[in-house]
Amino acid sequence: MSRLQFQLQATDGAARRGQLSFPCGTVQTPAFMPVGTYGAVKAVLPGQLCDLGAEIILGNTFHLFLRPGLEVIADHGGLHGFMRWNGPILTDSGGFQVFSLAHRRKISEQGVTFAAPTDGAQVFLGPEESMKIQKVLNSDVVMIFDECTPYPATEDVARDSMELSLRWAQRSRDAHDALDNDAALFGIIQGGVHPDLRGRSLDGLQAIGFDGYAIGGLAVGESESERNVILEYLHPRLPVDRPRYLMGVGRPEDLVESVARGVDMFDCVMPTRHARNGQYFTGFGTVKIRNACYARDVDPIEPGCGCPACVGGYTRAYLRHLDRCNEMLASMLGSLHNLWYYETLMANMRAAITAGTFFTFRHSFYLARGLDPPPLPEVASCAG
């Protein structure tokens with residue numbers, strides 16, 4: 001029996017408000033998961049993540065397997081003890097990272113052989129290996145091992161990739177169960193930008209049975225409209241009583257539009273990566289702190305913001321100075337602000353769904369940026 005319980009608490013159109021319950025904590029959905037690739041969210045302490053509103057974080061199976069290795073993490077009792085994070089952790093399977101290696105990998109029915117980016121050594125990773133690694137990591141949500149369908153891809157290529165991922169999904173399920181792992185196991189829907197293939201993938205995954213369903217392969221270069229078509233197609237077909245996770249998609253606009261199409265969970269490196277590159281998210285758009293107009297700007301990043309950087313009185317001029325001098329404090333303060341913005345955005349969407357005002361919230365979200373809200377399809381007004 002999985003350690004995860006999911007409760008759907010409210011809907012507003014297709015937008016869903018729910019709760020994930022684990023022995024180590026609860027997660028309110030829609031939820032954004034900060035990414036801790038190497039066992040840390042860059043420039044942010046675990047305790048600060050809690051203060052920012054994060055309730056679940058993501059760890060990277062592929063990178064942690066290569067460095068520091070499973071023995072070191074096992075010495076700490078798993079990833080929670082290693083990271084000093086007491087809340088829930090989701091680990092990806094390593095499939096996307098292997099996909100990103102491009103010319104340094106060879107895919108077979110059994111799995112993937114690749115040259116490790118750390119030392120060039122030949123490494124094999126398949127469904128069984130991924131499940132064993134994630135068992136040692138002791139994460140609360142385990143992802144199946146899949147092949148991330150490339151973009152662009154012909155329908156034949158996307159079909160072959162999707163069918164391989166389905167066979168790997170069954171092997172992941174079998175291996176996970178054989179390990180007697182009570183962590184939740186999520187399936188990953190593939191099929192590229194072809195709705196019928198996505199539907200076949202979902203049907204196959206539901207026949208196997210999973211605790212949640214992720215939508216993979218939608219952060220690899222496709223257009224926003226192509227992504228939305230897939231979300232709109234899947235929304236009425238996904239089981240209502242299982243969480244839905246859109247992998248790797250993370251602009252604020254993407255989060256709002258995906259919540260409007262029924263998504264519950266998100267992850268992305270964007271908040272911290274953009275902070276390290278001098279870009280700060282606000283309700284009125286993005287502050288690009290390297291622009292000369294901020295050289296003597298004594299306002300905080302966003303007046304009225306409750307993050308430590310803004311409440312602390314750090315000005316745009318100061319942050320620009322730190323950034324230009326490559327001071328790590330710029331990355332720290334910017335990451336705190338961006339993660340606060342993301343977690344607050346999710347909290348505001350949750351409150352709006354509960355109140356039945358999500359589409360009013362969505363309209364205001366765009367107006368604050370000086371934009372007209374994009375049109376919504378009929379599916380977004382259908383509960384599920």
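Cβ atoms here come from the backbone N, Cα and C positions, even for glycine.
According to Swiss-Prot, the protein carries these features:
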- ASP92: active site, proton acceptor (ACT_SITE)
- ASP92, SER93, GLY94, GLY95, PHE96, ASP146, GLN190, GLY217: substrate binding site (BINDING)
- 248-254: region 'RNA binding' (REGION)
- ASP267: active site, nucleophile (ACT_SITE)
- 272-276: region 'RNA binding' (REGION)
- CYS305, CYS307, CYS310, HIS337: Zn(2+) binding site (BINDING)
Exercise. Write out the long-range same-chain contacts of CYS305 (Zn(2+) binding site), meaning residues 6 or more apart in sequence whose Cβ is under 8 Å from its Cβ.
Key: THR282, VAL311, HIS337, TRP340, TYR341
Self-check item: Beyond the flanks of the region 'RNA binding' (272-276) by at least 6 residues, Cβ under 8 Å
Solution: 34-35, 41-44, 286, 330-331, 334-335, 337-339
Quiz item: Given the substrate binding site residues ASP92, SER93, GLY94, GLY95, PHE96, ASP146, GLN190, GLY217 in the record, what is the largest Cα to Cα distance, rounded to whole Å?
Solution: 15
Self-check item: Residue distribution over DSSP helix, strand and coil in the region 'RNA binding' (272-276)
Solution: 5 helix, 0 strand, 0 coil
Quiz item: If H, G and I count as helix, E and B as strand, and all else as coil, what does DSSP give for CYS310 (Zn(2+) binding site)?
Solution: helix
Quiz item: Which residue, out of the binding-site residues GLY95, GLY217, shows the minimum number of other Cβ atoms inside 10 Å of its Cβ in this structure?
Solution: GLY95
Practice problem: Could you round the CA separation between ASP146 (substrate binding site) and the residue listed as 'active site, proton acceptor' to a whole angstrom and send it over? | Solution: 10
Practice problem: Just give the helix, strand and coil counts over the region 'RNA binding' (248-254), going by DSSP. | Solution: 3 helix, 0 strand, 4 coil
Quiz item: Rounded to a whole number, how many Å is the Cα of ASP92 (active site, proton acceptor) away from the Cα of GLN190 (substrate binding site)?
Solution: 15
Self-check item: Lowest local Cβ density among PHE96, GLN190, which the record lists as binding-site residues, within 10 Å
Solution: PHE96
